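Annotated in TrEMBL:
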type	residues	note
DOMAIN	19-155	domain 'Thioredoxin'
SIGNAL	1-20	signal peptide
């Protein structure tokens with residue numbers, strides 16, 4: 001009989017099998033949790049579904065994009081937190097994964113670049129609303145900090161979009177937090193950054 005570690009490793013190596021595992025039921029020896037499923041899979045973002053999932057979502061929810069890579073350890077560490085947030089905020093937020101090294105995402109990268117979105121480190125969280133980038137955050141994050149970041153960016157400000165292409169500080173008096181928010185230019189303007197970008201095109 002396979003150990004829990006072997007099953008988890010198998011699930012990470014063969015993500016398409018996650019759905020099959022979730023139909024089996026709880027694993028022997030696995031920690032029981034009524035609010036989470038061990039092998040819950042987030043939807044993958046690529047060229048075939050980018051318009052429906054990211055740029056023109058039909059359900060009106062905000063979209064949290066997890067820019068990650070299969071080899072990235074911190075990306076795997078935060079995945080359970082993202083799955084939990086997908087459940088908690090299911091009415092207002094859709095959580096999807098974006099493999100920056102995937103073969104089927106060149107058009108997606110171009111669209112993101114046109115919006116001024118550049119992934120420079122992994123993992124990077126990109127928050128979108130109405131097809132436009134709202135906020136971004138790079139690096140590993142705790143579940144508590146992720147929830148605070150989402151609360152601050154989803155619920156505490158009315159409108160963060162401006163046409164000046166600069167960043168500004170957003171304060172959330174209720175949570176006593178201050179975040180630097182990237183304010184990107186409107187679509188159609190291209191600006192050039194003189195920094196190395198290992199994940200764009």
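Positions of Cβ are set from backbone N, Cα and C atoms, glycine also.
Keep in mind that what you see is a predicted model, and the values were worked out from it rather than measured.
Secondary structure counts, DSSP: the domain 'Thioredoxin' (19-155) has 50 helix, 29 strand, 58 coil. Per-residue pLDDT, averaged along the domain 'Thioredoxin' (19-155), amounts to 84 for this model.
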